[in-house]
Amino acid sequence: MSRDRAAAVPRPRGADLRLVALIAVVTVLWGLNWPAMKIAVTGFPPWTFRAACVLGAGLTLLLLARLSGEPVRLERRLVAPLCLAALTGVTAWQMLVAYGLMHMGSGRAAIIAFTMPIWAALLSALFLRERITTRVLMALALGMAGMALLLGAELARVGASPLGAALMLLAALSWGAGTVATKAWDWRIGTMALAGWQLVVGGLPILAVWALVEAPVDLSGVDLSATLALLYVVFVALVFCFTSYLRLVRLLPASVAALSTLAIPVVGLSSSALLLGEPVGLREGGALLFILAALALVLMPGNARAGTR
């Protein structure tokens with residue numbers, strides 16, 4: 001991997017507070033993405049939905065980057081690293097989740113997927129030589145305790161669908177690898193353009209799968225709620241949230257950026273309860289306390305110090 005990462009620079013306390021605010025907004029909006037996806041796939045075939053979302057968001061981001069004057073052209077030496085980041089963080093993630101959901105429920109699958117911070121921390125220590133501090137280790141332990149509490153009584157069902165669980169663990173690993181790959185290089189382009197290129201490159205294999213298994217598609221029966229949900233996924237979950245997550249990856253240590261996603265499944269479960277009538281109770285509240293404690297550990301001023309790219 002390239003060693004041309006920028007040197008660490010201190011940021012004022014206000015910058016830390018703005019990062020915390022960004023993480024809070026992304027957590028809520030990405031959490032709402034889970035019920036939105038569930039609504040969308042009731043109207044759109046799964047691969048049509050994924051291809052439309054990923055490629056639609058990617059092309060939108062490249063257009064926005066161009067219109068804003070942000071550099072879009074990628075240096076030739078960065079094409080291979082871009083493919084690595086896109087194929088792990090976008091393609092593998094999307095495909096493994098798609099097949100994992102065929103073998104287990106979406107709630108349990110989402111919780112397993114958010115073991116991603118463990119893999120991101122291990123990979124960043126191995127490939128980026130990031131030091132895993134005591135605070136990060138404690139945050140990982142608290143976060144995984146929260147995930148275990150959410151999974152709770154569902155563990156027996158996970159054991160009954162080992163293929164689904166294995167696919168979701170691989171999905172978490174691939175997302176962690178994509179996070180580390182994004183952190184590893186100085187991209188020389190803005191975050192909007194980087195997010196756009198990752199989604200477009202990562203979306204091409206998804207488009208190929210769509211062409212093989214679903215095309216042509218009859219969308220005459222798609223209702224308004226599914227259409228609005230798809231638009232939410234494209235413009236909120238991907239155009240805004242995915243870009244914001246890559247910004248966090250470029251600003252923070254990879255392990256800290258990954259840990260910032262821990263509260264998303266809690267928001268997802270809670271919003272699913274409110275919007276879709278899915279059950280939620282004390283278990284989710286206890287898990288939220290663990291996860292908030294984990295986030296507080298890694299987001300306290302002074303812990304998040306990394307250079308921009």
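Note that the numbers count up from 1, one per residue, in the order the chain is shown.
Each residue, glycine too, has its Cβ placed from N, Cα and C.
Per TrEMBL, the features are:
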type	residues	note
DOMAIN	20-151	domain 'EamA'
DOMAIN	163-299	domain 'EamA'
TRANSMEM	20-41	transmembrane segment
TRANSMEM	47-67	transmembrane segment
TRANSMEM	79-102	transmembrane segment
TRANSMEM	108-128	transmembrane segment
TRANSMEM	135-153	transmembrane segment
TRANSMEM	159-181	transmembrane segment
TRANSMEM	193-213	transmembrane segment
TRANSMEM	225-249	transmembrane segment
TRANSMEM	256-275	transmembrane segment
TRANSMEM	287-304	transmembrane segment
Which whole number is the mean pLDDT over the domain 'EamA' (163-299)?
87
For the domain 'EamA' (163-299), DSSP counts of helix, strand and coil?
110 helix, 0 strand, 27 coil
